[in-house]
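Colleague: The following block contains the structure, expressed as structure tokens.
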């Protein structure tokens, strides 16, 4: 289509010119209108959402308004669209932007149609009048958003020319009146939140610009509206940033102002204390930075007191504006300090009016105040450095040492050299040199990275590349030694000491005092010195590439340490040797024991260097002072200990904390060393001495080292696994001790005190008191002084006095919780009635009306008990009052009958009769004559009548009026004639009453000719419409008729769990709750990528298999049958499809579930604010009071509801960072509309996203990136803030970058990070203000900077695997983190839902780190960073949130691989290194074993098995084992069995199982925990944990050696589906199958040639755990694969497998389509490995050759020949096989396509030749069948070893002809492995019962709910 060319002289389409084209058709349109009229015009909206990115912000408001008003005024709507068209043409006249041409065309067509249709409908003479009249009408309705748009259109129509587009970044608040929380524009000042006094005070201070100089030299004072706008005019910040930070600053100041104590005298004036508090929090890091670099702070305050507050606010605002626009620079806090340092200096110059010495003019900012000058000149240059360095990462395959990450660039600003950059910054500085040379694009489809950024131009630096800063992340296992060198040294010395003790056969510790022995023991210090030298050398080698940025003091320190280490390494051995040669002590003389040799003196001198460290450990406060002090002496002392860096200083804990974890580790290490000595080391010393004495001369193979003495090889084979287990088993002891002490800690803190609903019922009457104690604010703001009594009261003996007001508040909140249960469909309407506590003042004020589920059956029980009772009245009272709920039930029933009868009975006579009956009963009770006055045996009869009577009242039907009269007569007759013993006396009383009070002229009660009592004229029935009366009748009816026991209500397990935990948490220790207005404000942020928002209609109802009628919705209906039933009861039998979608989505791992849960925070705040404001009588009215006050509020004053909303908005903000929202909306992705629907459903929800749009500048198109915040407005998304970015923000890890871009839109002093698959509950949201008080009311030590919270895994019921993960995760987030936080003090940040001290982390680098690859586990680095910066991470268990986990094996394995990859990268990181060196010894141990140590020890536990088996293989194949057994007469060694037992402890999952069982015991009781544990074992939990161990070991070792860490999306699907054999093979081939086959080969060979275990049973017992591991690694993916043994699936998988193996690979072929593509991808990591890693890989591959070397000498064909020739001949066979494969490959390539027959004949010849050769060997050389088996066992591992080696060498040999046969051999290996694994699966699939058993094991809970799982799995097998 031709471009739309404007007509007219202007470059803009003028009104006349632009309409000429339309005008040509106007006459015909008018004629048509005159002839036919326009009565049939139908307004259709024009799509205002799918717009070109370049036009969105400018024209969308006009199109939206046009759609809104089209029904009212089609002509005005047309004018709005026409104006939008003109603006679009002005912005992009040539339509260069993406999609602009198509948009213009579509809009032009619509305008042509509207011109014809709307011209006749115009009521005025011209468009200007029409538009003006409509504008005036809308103006009177106060619709500011529409009138603002109409006004702009009106101006354009009047002037005839469209206005220019708004300036970039213009504040939308100023233009359209849109706002986030605070409507700061003029029209918004009447909003309720703006009426709050603290807001007024903050606004007044921020808008105080009095006395500030103007940027225009001609003006004396500024014309800026507020402080931030003034800063914008001077420094060039974006308007969107200014608007965002203006609201941010005002809210912070207001919240700090309202919390001040004592309160300010004038609340509308900002108090200096609030400003000072914010100032200190914001600039704490900046001031520390200045102190560290010995620079003066540039925060200068004036001497005039009136100006001080204004200047402080200017500095705070300046920092916030820098931070808000810094983009990726926010992750580099000291870089921001550098920028602020210079800009604050410029600000001071501007404020003080300083004159430049150079120019003679007033000082002005270096970069000026032009629009976006700060972004362009300050942020962008540094951002480009970050971006270009990130490109060198090459998507994670480049070595870390080749590029600078965020930490490297930030740490450049830790040195005074950073000031060489100058200000303005020198772009020719070395800092800006990146050395990028033609970077290649790296594709990545994961969440971690967006599309690649490719710099097509080559960039060369004239300067010198700075390289790494302070630390280099090299790929090596030596990092673990280097980071935790003190631990390894300690364990090595301990091992040496135990060996010395065992070798010398010491029986008592006193024997160590023997001079010779003692001197031998002191030899450990020689080892210590040697290890110290190794550590120094490692430090120098690993830091070599950072030498250019290393300070002179660092280099000097390394030199001094190296010199000292060398001196001690030489001196100690020399003095030891001298002391041995010339001993000065005699062992015979007792006095000789006290003598000192020369070596002892040297050791004493050597140890003096550690005295200072020991002293500082004992007094941590002194050590902290020394490390953080700027005093020269302190600097020297800390310099000797570790390099002086900005972080990692002053991390010491309090004396009490140090004492606690020191005692813990002393106990643990004592147990570990005692066990190791008596069960590992000592039993092995004796056999070792015997082996060393034996001389072996005869070997079963060609011994390469026949002259080695003492049988060194045998000793190594025996000792190696023991030594490895010695270093590994501390992890086991750590797990055991953490389990025990963590359990004890949980018991002390009341965890699990209330585990069941029975326990809830028994203690329910105490809940109001503890609720009031913990969750209700104190009436007095002053806290009591802490005393022993108050401590006991708070910790153990809480005041449980129940007051009426306490009951009211508790009942109000309890009812809201039950209401939320009902809205979530956890309970039914009836259960809701039974669980609700009535709120009413109509009944007796002394009566507590408990929920009916507590009183159920109590009344009937009391009636039966009274009817059958015989004894005194007092005894009856005691029996009734012994059960509180029975007493309450009887009392309430009696009082309720009185209350109801007061409404029902209107006749005076009847009232008098009932009054006398009630008086008679009351008198009997008071006089304790109830048994004497009444015949209680008749109570059941009366009770039955009452039940019928109340039931009739409950139905309240007119036709039952006569029945009510009859029932009343019967009841009175039963009371008087049957129940009352003295009937005559009662009759007299009645008659007396009648005569005195009755005016009727007839004989009274039961006299002659009496009228009918309780006739229709005497009762008021049906009952009046009184809500209180109706509720009371209903409650009394339920009280009398409910038969359910309290144990059965509620029936839903989730509801029971939540109530139990809520009740338990009330007894836990938590801070006192402040009032809502005094609590800390907080935000919640959720990063979102492309996950499910809601389940779509198609997904819910999709049926894949015609034979089954099952879908996800059906699955959920079956697995949640009670909740589906409750849902239909709530919304009817045919609910709307939208509600069904939400119902299903709220039960999956969806974003909507998370949003619903997090928005409970706002609901809780509103309710808590209501309780804070209202009196008791208002609380009893509940929501009615809110509504009434909302309707009856005074003019000009906000309603109560509006005030509550305003207060909640001031305290809580929820932001979702939807990274791809703009792209999703542009592409029409339904996820975008789902997100908009969520914002509409929850108006307080905000969404931040990254917008990428094209901008036309000078005819060229440029990509522009922006951070945008939106909210919902009229069911559409409405932009609030837009902040332009320097470039694409996702240049590191995706999730932290996504969080970082959105964090500027969060508010408050705390920030909770929530993942998109989490949940929250209303009852937990009530405790949020208590949690936030932890930041304020910390007791001792540091204030917490991160607070960890408990998680409940809600996906545990999906499958057995989901249950395993649920238990494992629950144990980690409870007992694990509980003990890490206290006493070990090493809890970090493990993801969500931790709460951050927002201001602390805002200035310290954010809530996560984002460097590519190294920060893959981004969350934990926030904990590391917080700890290194002297923060405090703690953990609280009295509040919990929900969390979803992966439910299928493949998803679980991907997740564990990702976590393990992350831990591998952590082991290489500077954070772990600094923690390892900054912590004291025992805290360092805790850090190691709770982080990377766990994964490294998992790897060690696997290596133990390999070392043991290869050692035994060496012994049996060489013949050493037989020789040693014959001469030493030993069958086996207990130490080796102990080692294998220790390994199996880790292998079988017992390491994670122990905490799991302990936590289950705490929270569910021992019986339930034991049964759950047994059930888990029956569901093959040990198999799963063994398989999981293999995953951890594989990915940890591989990542450290070769890299390859990456984000692995798991899908988070709700339903488990069948995984194909191809998918399983791809995932587990290298990580499990290969290793499983290797173990199987080792065990088979060992079994064939073993001698140590004479019987097979003994052998099996010794190697059981290894066999178990091998089989688990081979077959677990199929055991836990749904329908893995269904024959139909087996056939499909086999066919797909063969197709996948045969399909050729190549460019563009995905790994899941071809074996060749997968094989290349699987081995790609070896291409990018370093030289050391490749060498190590080759060395490890050589282990496969031991099979061939050893087995060929055991062939019958070799005879007794032990020469090396035999081994060489075996290689001839291998070479022949390779040549044969090459020949066949070439024949296939040349002959198979054109000469098929020749190729077949050739293969026949080859086959015959091979067969003939084997026959000849069998005949001539006597080659036996056993020889053939042994050859297979020998040559198969060798072939695999060769393949492993050639993969390392592939870059050098793949272009030669040898590569094709290698690939063919690899193909054969994979096909063979797959076939061997597949065969037993297929065999078992023949047996139908196997599939049924497997399904039962996987889905036991589904079977318990009678869910037919197989049709669902079958129907969904192809659906992913």
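Glycine is no exception: its Cβ is also placed from the backbone N, Cα and C atoms.
Under the heading compositional bias 'Polar residues', TrEMBL lists 15-33. The feature domain '1,3-beta-glucan synthase component FKS1-like' is assigned by TrEMBL to 310-426. According to TrEMBL, the feature region 'Disordered' maps to 1-43. Per TrEMBL, transmembrane segment is recorded for 487-504, 524-546, 558-576, 596-619, 732-752, 885-906, 1538-1558, 1570-1590, 1656-1680, 1764-1785, 1797-1817, 1823-1849 (among others).
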Colleague: Using DSSP, what is the helix/strand/coil residue split across the domain '1,3-beta-glucan synthase component FKS1-like' (310-426)?
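Modeller: The domain '1,3-beta-glucan synthase component FKS1-like' (310-426) comes out at 78 helix, 2 strand, 37 coil.
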Colleague: Which residues of the chain, 6 or more past the ends of the transmembrane segment (885-906), have a CB below 8 A from one of its CBs?
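Modeller: Apart from its flanks, the transmembrane segment (885-906) reaches 765, 842-844, 847-850, 854-855, 858-859, 861-862, 914, 918, 921, 946, 953, 964, 1014, 1018-1021, 1023-1024, 1026, 1029, 1032-1033, 1035-1036, 1039-1040.
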Colleague: Honestly, do the transmembrane segment (1764-1785) and the transmembrane segment (1656-1680) touch, with at least three Cβ pairs under 8 Å and pairs 6 or more apart in sequence?
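Modeller: Contact between the transmembrane segment (1764-1785) and the transmembrane segment (1656-1680): absent.
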Colleague: For the transmembrane segment (1656-1680), could you work out the same-chain residues 6 or more beyond its ends whose Cβ comes under 8 Å from its Cβ atoms?
Modeller: 1360-1361, 1449-1450, 1505, 1509, 1532, 1537, 1540-1541, 1543-1544, 1547-1548, 1580, 1582-1584, 1586-1587, 1590, 1619, 1624, 1627-1628, 1632-1633, 1635-1637, 1639-1640, 1643, 1646-1647, 1650, 1877, 1880-1881, 1894, 1897-1898
Colleague: Compute the average pLDDT of the predicted model within the domain '1,3-beta-glucan synthase component FKS1-like' (310-426).
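Modeller: Residues in the domain '1,3-beta-glucan synthase component FKS1-like' (310-426) carry a mean pLDDT of 91 in this prediction.
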Colleague: Please check if the transmembrane segment (558-576) comes into contact with the transmembrane segment (487-504), where contact means 3 or more CB pairs closer than 8 Å and the residues in each pair are separated by 6 or more positions.
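Modeller: Touching, no - the transmembrane segment (558-576) and the transmembrane segment (487-504) miss the threshold of 3 or more Cβ pairs under 8 Å.
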Colleague: Could you pull out which residues elsewhere in the chain have a CB under 8 Å from any CB of the transmembrane segment (1570-1590), counting only those six or more residues past its ends?
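Modeller: Answer is 1360-1361, 1363-1364, 1367, 1449, 1452-1453, 1456, 1498, 1501-1502, 1546-1549, 1552-1553, 1556-1557, 1560, 1564, 1631-1632, 1635, 1668-1669, 1672-1673, 1676-1677, 1679-1680, 1897-1898, 1900.
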